Structure formats: C-alpha cells, structure tokens
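Going by Swiss-Prot, these are the annotated features:
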| type | residues | note |
| --- | --- | --- |
| BINDING | GLY78, PRO79, GLU80, SER81, SER82, GLY83, LYS84, THR85 | ATP binding site |
| COMPBIAS | 355-369 | compositional bias 'Basic and acidic residues' |
| REGION | 355-387 | region 'Disordered' |
Amino acid sequence: MKKEKADKALEKETDQRKQAIDAALGQIEKQFGKGSIMRLGADTRMSEMNVVSTGSLDLDIALGIGGFPSGRIIEIYGPESSGKTTLTLSAIAETQKKGGIAAFIDAEHALDPSYAKKLGVNVDDLLVAQPDNGEEALEICESLVRSNAIDLIVIDSVAALVPKAEIEGDMGDSHMGLQARLMSQALRKLTGTISKSSTTVIFINQIRMKIGVMFGSPETTTGGNALKFYASIRLDIRRIETLKEKEEPVGNRVRVKVVKNKCAPPFRQAEFDIMYANGINRESSLIDLAVRHDLVAKAGSWYSYNGEKIGQGKEQVRNFFLENPDIAFKIENQVRDLNALPLLDQAKIQTREVKSIERDTKETKETKSKQPVSFSTEADGDIAVGE
C-alpha cells in the first residue's frame, strides 16, 4: 500500500516537472523564436555532422569523421612551404566536386590561380577576395557566412590580417595586441553565425618564436589565443622529407598532427605526399593505407594484391592504380569500411593523368571587395595576447 502511494506521488511529481519544463520551453521559444532551445535528439543539424574531405584519405581517417566538419572553425598552421595552402585548396576542390560553393580570402595576396587549377579547383566558380586590411577581410567573411550559401571559406592567413590602424600608422610604431583584439572580437561575432549557416571556415596561420622560453616548445601562432579556443580542429603540418626524381625535387612528404579535435579523439597523425605538379598524391596515400591494413602485401620492394605482384616500388604500384581505377576504388572502399568512413560511389572514380611540373605565368586577377568596416581594435575589456 505504501509502495503504491509512493509510486503515485513520484508519478505526479514527474508530471508536474514535465509540465513546468514544457511551459519554460514555450516561454523561451515565444521570447527568442522557434528553435532557440530544443532536445538534442530532435536537432538533426547537431546529430548529423556533415563533412568535406581534405583531399587526403589518411588525414580524413586521422580526423576521425572523414574530413572537415561543417559549421566549425578550423586552424591549419605550420612553417613556410609546408603545404598549408595546398591542403586548403584540395579541400576547396573536394567541396566543388560535391556541388558546394567555396570562397578564398587572400589576405597575403599570393594565390596562384594556375596552381589552384592543377589541384582540381574550378577557378571560374571560386570566390576570391583580396582585402586591404584585417577588418575588411573579416567583414567579407561575415557577409559570406551570413548569406547561408557558402560551404567553405578559407582565410590565408591570420598573420596577414593587419589592423587598419597599423596600416595607416608609421613604420616602427608600436601596436601591442591590436591584431589579437581584432581576432578576439571577430571570432565572438562569427562563431554562432558559422554554426547556424553550416559553413566551414578554415584559418591558415603562421608560426612565430617566443623569446626566453627555457622549457617546452618556443613556437606559437600569430593572432593571440582566441583562435586556439574557438577552433574545433587545429592541424600542425610539417615537411619531413623532400621527394626527388633523378636528383630533381618533385614534391614533399608532410606529416600532419591533429593537435586539437572537438569532433573525435585528438593527437592522431597522418603522412602523405604533396607533389609540386598536382598537389596531394592520392594514390601514394592509398598504397600506404592498403599496406597498413594488410590489403596489399609488401615483401622487400615488391607489392602484391590477392597473391599477384602488381609492381616493384611505390611508383610502379601508383601507375598500376592509375591504369586500374576499379581496383583502386575497391581497395579505397575497403580502407574506408575498416575506418568507419562513408563509402565512395564508383561513378566518381576517374583515372587521373600524371602531369609534368609546370607553372603558368599568367598574372593573378585581383578581385578586391570593398565592405564597410565595423570591427574595432580598441580595448573592450578582454585580455588580448599578442604575437
């Protein structure tokens, strides 16, 4: 009898709490709009994470979700000529292949359209801006994000987002913390909008050295600490080897460390080849992954698939994959299945030709977008850390 009374009392209390929660949710939606608060399972935007491939299968696996997530901020940093811009251009090419729209904010004024074209970027559809100062670059970024029509935005680079006050000042003037305050304010404004618009925003950053560091790494990134906190993924990319063909350098082997990852376990690594002629060598990465997962056997310099030798040395196996895209497709899907990544559609697999190392000498067309500047670099009460 006592147990029945206790159960009824508990059930009544549960109903009252449920009614109170429903009333609170109704009040919040009435005040702030529908969708301002909801149960996590009912929000498909949060439960289903859309991703865009990085262009490197090994890096897609290291990220744990198959690529760069939508609606998030990504930071890619590393030394000079380590492959930062190449990696972002590969992501742009993958976005365009899926029918998405990409934008490149070239604050460094160094984008080479002929090189981008060799990486698979459709330069005719790529939106490019070359702003005059940091405030203008971030205003352009905000306008593109608020349009809800852009899938990927790349900002190259944070170090080149120079505040207007510094540009208008004299050489040698001290502008302590100006860029850090600019980045802090911009990221506070952009983060929520980026999430709602499902736009992936990639910041390329440079490395500086801290003075007087006795223990630990003296390296740090530019633009203060705000980007480190707001970024969902931070990638450290380094060149570890120069690839040569008949004593002539033809590319670099790079190592990417996932320093921070809010979407999957961090601290994983990926290694892949970046060729000067056509960017990330997809076939070379596939060979390494196939050997790692015992899909292709390696004995000395010989590689075998299903008991049959397919080539001596990685270059011969790479040519074998290019000549037999069906086999490459099958192996790649096996690798993807073993790493819980979505499988490829066979219709998308195409044979690619090995291009010679050439650079067009056409001048880059400057596309300057003028937008009203509203980002302030004045102190706003936040602690801003400079370079």
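Including glycine, each Cβ sits where the backbone N, Cα and C put it.
Note that the coordinates shown come from a computational prediction; the quantities given were computed from them, not determined experimentally.
Here the features listed in Swiss-Prot are painted onto the structure.
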{"residue": "GLY78", "record": "ATP binding site", "Cβ contacts under 8 Å, 6 or more apart": "LYS84, ILE207, ASP236, ILE237, ARG238"}
{"residue": "PRO79", "record": "ATP binding site", "Cβ contacts under 8 Å, 6 or more apart": "ILE207, ARG238, ARG239"}
{"residue": "GLU80", "record": "ATP binding site", "Cβ contacts under 8 Å, 6 or more apart": "GLN206"}
{"residue": "SER81", "record": "ATP binding site", "Cβ contacts under 8 Å, 6 or more apart": "ARG239, ASN252"}
{"residue": "SER82", "record": "ATP binding site", "Cβ contacts under 8 Å, 6 or more apart": "ILE237, ARG238, ARG239, ASN252, VAL254"}
{"residue": "GLY83", "record": "ATP binding site", "Cβ contacts under 8 Å, 6 or more apart": "ILE237, ARG239, ASN252, VAL254, ILE274"}
{"residue": "THR85", "record": "ATP binding site", "Cβ contacts under 8 Å, 6 or more apart": "LEU111, ASP156, ILE204"}
Same-chain neighbours of the ATP site, Cβ within 8 Å of the mean position of the Cβ atoms of GLY78, PRO79, GLU80, SER81, SER82, GLY83, LYS84, THR85 and not counting those residues, run in sequence order as ILE237, ARG239
LYS84 (ATP binding site), Cβ-centred 10 Å count of other Cβ atoms over all protein chains shown, is 23
By a three-class reduction of DSSP, THR85 (ATP binding site) is assigned helix
PRO79 (ATP binding site), DSSP three-state class -> coil
